[in-house]
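Q: The following block contains the structure, expressed as structure tokens.
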Amino acid sequence: MTDLRLFTSESVTEGHPDKICDQISDSILDALLTQDPSSRAAVETLVTTGLVHVAGEVTTSGYVDIPQIVRDRIRDIGYDSSEVGFDGSNCGVTVSIGAQSPDIAQGVDRSYESRSGSASTDAHDLQGAGDQGLMFGYASRDTPVFMPLPIYLAHRLAERLAAVRHSGELSYLRPDGKTQVTIGYEGLVPRTVDTVVLSTQHGPQVSQEDLRREVEEHVIRPVLAAAAEIGIELDSRDATLLINPTGKFEIGGPKGDAGLTGRKIIVDTYGGFSRHGGGAFSGKDPSKVDRSAAYAMRWVAKNAVAAGLADRLEVQVAYAIGKAAPVGLYVEAFGTAHVPEDRIVRAIRETFDLRPAAIVERLDLLRPIYAETAAYGHFGRELPDFTWEALDRVADLQSAAGL
């Protein structure tokens, strides 16, 4: 097979320093929403050797024990002793949390439409967007869950790497790790696994030869086999497998690298297959359209591709701070549209209410569901709480598009 185009995406495990921070921020958000569903939060976390610092803005009627949440999450990930380089029980935890700016709150609590007298009687007109910005959603027919194949496989490898560590199947593994998958495409069709890169932290008791053999046997091959079982047909016979290509990886986690919330936005979304508006997700309550509108755009794109409007679809929405109605909606079908793109835009407008309050209500986002999103991808996992993955607007879109 010749003339394949190679596309690569990466993922990281829950023990990667940046992902530790995302999970801490979202665990704090979940605790706040459990006590007060109307909580406003923007929680940022930094981890480094022996220290966690939590900062940001929170407005809530509840109370949460942030240091305890931090320690519990770190231990759950697997950093529970100095032997692995970080210990949730003994690390330092500092907290600097203030209230949300009243200048921001005024635009969310009372929208531009409400203040200017142009609001309708619809309650969804009363809440403005929490910031200006642009958000993208994407879907394709690469996989049964309508995700690009490279990021889908990278996430499954990272999940499997964590699973065999937690189960004790590969007891020498430690929490930090990264995966990367390069897929060969013939036109728009994925054909081959070209390269898999997997780097995993480990204890000193295992040789690199044994680690590479066992990671291939217990992680890589099972993931590729599982993909085949759900109809993803790929030729991996000539795939290059690079497992810990630098050699030993004993120093990892916050001892090896500092971590920050929001530094894995491409891992969190589509692995580079789609554009990104720049806003991170974790630690933000759903009044922040960086998060809620990105979830809505995934919902839109997935339903539109499932409805047969296009085989690949990227959608963009844009907001002005304090304004309820979006200021822009754009679609790109990359030459795969089955109806004109202007008709796709009209069908989306007819089918989806993209005002922030409507998104929050339709997707039921004022719930403590966010820690689960913070590792292995916000999209493409059809879990019960991931309402943005539901294919519940397919018939409506087909009708609106005249299919």
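First residue shown is number 1, and so on along the chain.
From the backbone N, Cα and C atoms, a Cβ is placed for every residue, glycine too.
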Q: For the feature region 'Flexible loop' as recorded in Swiss-Prot, pick the matching range from 100-110, 243-253, 254-264, 276-286.
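A: Comparing 100-110, 243-253, 254-264, 276-286 with Swiss-Prot, region 'Flexible loop' matches 100-110.
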Q: Which one of Glu57, Glu214, Glu216, Glu217 goes with Gln100, Asp257, Lys288 at the L-methionine site, as Swiss-Prot has it?
A: Glu57
Q: If you count Cβ atoms within 10 Å of the Cβ of Asp18 (Mg(2+) binding site), leaving out that atom itself, what do you get?
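A: Excluding its own Cβ, the number within 10 Å is 21.
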Q: Just how many other Cβ atoms lie inside 10 Å of the Cβ on Lys284 (ATP binding site)?
A: 27
Q: Any idea what the Cα distance is from Glu44 (K(+) binding site) over to Gln100 (L-methionine binding site), rounded to a whole Å?
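A: Their Cα atoms are separated by 13 Å.
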Q: Say you check the Cα of Asp257 (ATP binding site) against those of the binding-site residues Asp18, Glu57, Lys288; which is nearest?
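A: Result for Asp257 (ATP binding site): the nearest of the binding-site residues is Asp18.
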Q: I need the nearest neighbour of Lys264 (ATP binding site) among the binding-site residues Asp18, Glu57, Gln100, using C-alpha distances.
A: Asp18
